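J.: As annotated in TrEMBL:
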DOMAIN    B:15-219  domain 'ABC transmembrane type-1'
TRANSMEM  B:17-39  transmembrane segment
TRANSMEM  B:51-73  transmembrane segment
TRANSMEM  B:93-114  transmembrane segment
TRANSMEM  B:157-180  transmembrane segment
TRANSMEM  B:200-220  transmembrane segment
Amino acid sequence: MLDISTWFNDLLAGNTIFTADTLGYYWEGLVTTTQLVFLSLIAGLILAVPLAIMRSSKHKWISLPVYLYTYVFRGTPLLIQLYIIYYGVVFIDGIQETFLWPVLREAFYPALIAFTLNTAAYTTEIFRGAIKATAQGEIEAARAYGMSPRLMMRRIILPSAFRRALPAYGNEVIFMLHASAIASVVTLMDLTGAARFVYARYYAPFEAFLFVAAIYLCLTFAILFFFRYLEKKLLAHLRPQDA
Amino acid sequence: MIDLQGYGPRLIEGAGVTIQLAVLSLILAIILGLLTATAKMSRNWFLRRTATVYTTLIRGVPDLVLMMLLFFGGQIGVNAISDMLYYNYDIDIYINFNAFAAGVLTIGFIFGAYMGETFRGAFMAVDNGQIEAGKAYGMSSSLVFRRIRFPQMMRHALPGLSNNWMVLLKTTALVSVIGLTDMVRVAAEASRATHEPFTFLLPVAVVYLLIASVSEWIFARLQKRYDIGFGGQ
């Protein structure tokens, strides 16, 4: 342990900007960014599945409200959505008396809510596209087996739709990672927030932002490789067969 | 009508900034995208590599981080260059780092990478026989580009182009963070000053939706025009 810390100190020796202190800020930022992106993606995914099923419904009164939701959230900048939730949450009647207030007062939760609603809207549209692209023959076969619509959705349509949605969803995950940078605007110390802090403290824009850009690049590549691996596993049956 | 408490004119001015910024960066992005696509398809190893590095790096880093790098680093960089010119060559110039120009350059530079991918795919979708036919008619390569490759490429590029434009439009909101007075910045300032966030932020959201709807309509018309000869495909 001592070896590692002396090695680390030697490495940082003579470096005025990247001290152990500064790297600590970046580390905290990495943790915040990861939490924010991961939690909002999970929550967004859970919301998006039922919404996508509703959105593909034949009944206008079911699909239209979902369409309006995705239209508004995909048509306006995430920054505006974040501001509305961050500044607007105070104005919900009586919120300040409830047990939720200490939680919602911090910037993390408004940001999490905004990101979740945003990614849920995009994911809904991705899933809807995948559901719509289900081969007619599969549906006919399921009907011929006497499956109820509910069983057909669960056993036939959704499993194949999820696989088809995988490449597009991978893009959405990367998009969300990049979009999460705006959390720093509402005083959150995410990765970008850490970079802004280091920039302000040392007036060293190139060091502060290039370093954080490199971290984002690594994260992006990690997500890219993860999804490529998933696609290889889950979409194996769609690959052209070797001769 | 909503009471904008005197912020109305500034909001309209801000909307003007947003639209100008978006349109100018779109033009820059299209030019850069065409150059990138050409470089990616060229036989020159160096050009291909440079274009790949450009598109990979830009698409791997958040827009906001790139913007901050160029905005905050830009002034320091410009100062360093003018200092260097003064000490070494005795040229005394002062370059003012204009925030609006920096915004256009940054957004154009970012979306040039996305456009490059869109255009590359579209160029490759044009049937090679068409280009050969053009050459057989004795057309120069620039004429082949203007009369054959470009018009047919646009048919394939338009869906991606429209998609990129929608993302670009929403990205312009980020310049408010860095100090440009677009409509998002005016609305955020007004919300903080008056404690009435919905009065200012909701109309701005509606303006974004309006611009998106109008551009959707324009792109549908353009698609119709470039689909001529492909009978309703």
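Positions of Cβ are set from backbone N, Cα and C atoms, glycine also.
TrEMBL does not curate its annotations; it predicts them automatically.
I'd like to know what surrounds each of these features in this structure.
T.: Within the same chain, residues 2, 4, 7, 11, 15, 18-19, 22, 158, 161-162, 165-166, 169-170, 173, 183-184, 186-188, 190-191, 194 sit at least 6 positions outside the transmembrane segment (B:200-220) and bring their C-beta atoms closer than 8 Å to a C-beta of that stretch.
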J.: State the residues, same chain only, that lie 6 or more residues beyond the ends of the transmembrane segment (B:157-180) and have a CB under 8 A from a CB inside it; answer 'none' if no residue qualifies.
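T.: Apart from its flanks, the transmembrane segment (B:157-180) reaches 17-18, 21-22, 25-26, 29-30, 63-64, 67-68, 71, 99-100, 103, 107, 110-111, 114-115, 117-119, 121-122, 188, 208, 211-212, 215-216, 219, 222-223, 226.
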J.: Residues of the same chain, at least six outside the transmembrane segment (B:93-114), with any C-beta under 8 angstroms of its C-beta?
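T.: For the transmembrane segment (B:93-114), the sequence-distant neighbours (Cβ-Cβ under 8 Å, at least 6 residues beyond its ends) are 17, 21-22, 24-29, 31-33, 35-36, 54-55, 58-59, 63, 66-67, 70-71, 74-75, 78, 81-82, 85, 164, 167-168, 171-172, 175, 178-180.
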